[in-house]
Ligand SMILES: NC(=O)C1=CN([C@@H]2O[C@H](COP(=O)(O)OP(=O)(O)OC[C@H]3O[C@@H](n4cnc5c(N)ncnc54)[C@H](OP(=O)(O)O)[C@@H]3O)[C@@H](O)[C@H]2O)C=CC1
Ligand SMILES: O=C(CO)COP(=O)(O)O
């Protein structure tokens, strides 16, 4: 089957739209599918996604589409950018409509709800073994990407040809550097765990602590991420790159991060529901905390920051108690295997 578009993006929220803008700006015909026909009509009428990225024009080569069958027939390259809690559901919807030559990449950052499985396992379970898979991960706020501000990201997957084709589709010499990476597991995990650590950094700032505490959380958060990553088969060195240190620094330090803002609100004494409602977009770290915590417990990996965020989100703990518990931990060597 011949492509009538270069790529189809599933998910017309802030990041799906930003990636579609980026692809279309590179000269690639890009279909952007969203599940809400009224939202897609608005995109067509306004030639902008005013609900998520106000004031940013959609390039001519970006075609909003509300029919999933049409979207999936148009291209064999399918980029999924929906929140992690609906990732499996969207793949199930897509499965009967996928072309036999489809290749699936996602930019979703998270683990499967309840089980804590990587999204590659969800994709394999839903779709079987036949399709090449890949993931995009790294420090990329949707608004900056959509506005064409310089950005860098990584891509890894099961098939080198697909990974390299994605680099070609996304890379722009003036706006977007795309690094090929061979650690499919590491890129997926980094994107999930950084959400949890960003909540902790937000909580710390919300309490009124300073740069020292925030930086300690980023640094020890990186240790936790690396420890968990190595336990599930990722390469430790991956986390010194875009999907580890890069995304941790971005989301722990800048208020564009919804996870950080969520933590800030909690640190200022707001409850979980109020904090989430104020943000009004997906806060992946809320669920991701449970998933990362569950995975770490299952594997016996110590993740003290994650554990404290879990206590605040799910067990009635307060950010002050979390800070006290972290500070009061037994003295340790910085390079000790466990924390
Ligand atoms: N925004 C960013 O800067 C970045 C986001 N990401 C990741 O991208 C993923 C998506 O986040 P983002 O775009 O920011 O989230 P948003 O909250 O901006 O948008 C989510 C979109 O998903 C749609 N959606 C929800 N449920 C379904 C469903 N069942 N089927 C189809 N579409 C659905 C929503 O539609 P509706 O509004 O109708 O509910 C909305 O359009 C997350 O995993 C996030 O971590 C990664 C890097 C950067
Ligand atoms: O993943 C992101 C940037 O890389 C977006 O972060 P938030 O989901 O915290 O807004």
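Positions of Cβ are set from backbone N, Cα and C atoms, glycine also.
Keep in mind that this is a model prediction, so the values were computed, not measured.
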Of the candidates 109, 270, the one that TrEMBL places in the sn-glycerol 3-phosphate site of 138, 140, 194, 247, 257, 258, 259: 109
One of 134, 142, 231 listed by TrEMBL as binding NADPH at the site of 14, 15, 35, 109, 258, 282, 284: 142
In sequence order, the binding-site residues (138, 140, 247, 259) whose C-alpha falls within 10 A of residue 284 (NADPH binding site): 259
Cβ neighbour count within 10 Å of residue 258 (NADPH binding site): 25
From 140, 194, 247, 257, the binding-site residues whose CA lies within 10 Å of that of residue 109 (NADPH binding site): 194
Neighbour-count leader, CB within 10 A, binding-site residues: 109, 194: 194
Rounded Cα separation (Å) that holds between residue 247 (sn-glycerol 3-phosphate binding site) and residue 282 (NADPH binding site): 17
Alpha-carbon spacing, residue 282 (NADPH binding site) to residue 259 (sn-glycerol 3-phosphate binding site), which is rounded to whole Å: 9
In sequence order, those binding-site residues of 140, 194, 282 whose CB lies under 6 Å from ligand 2: 140
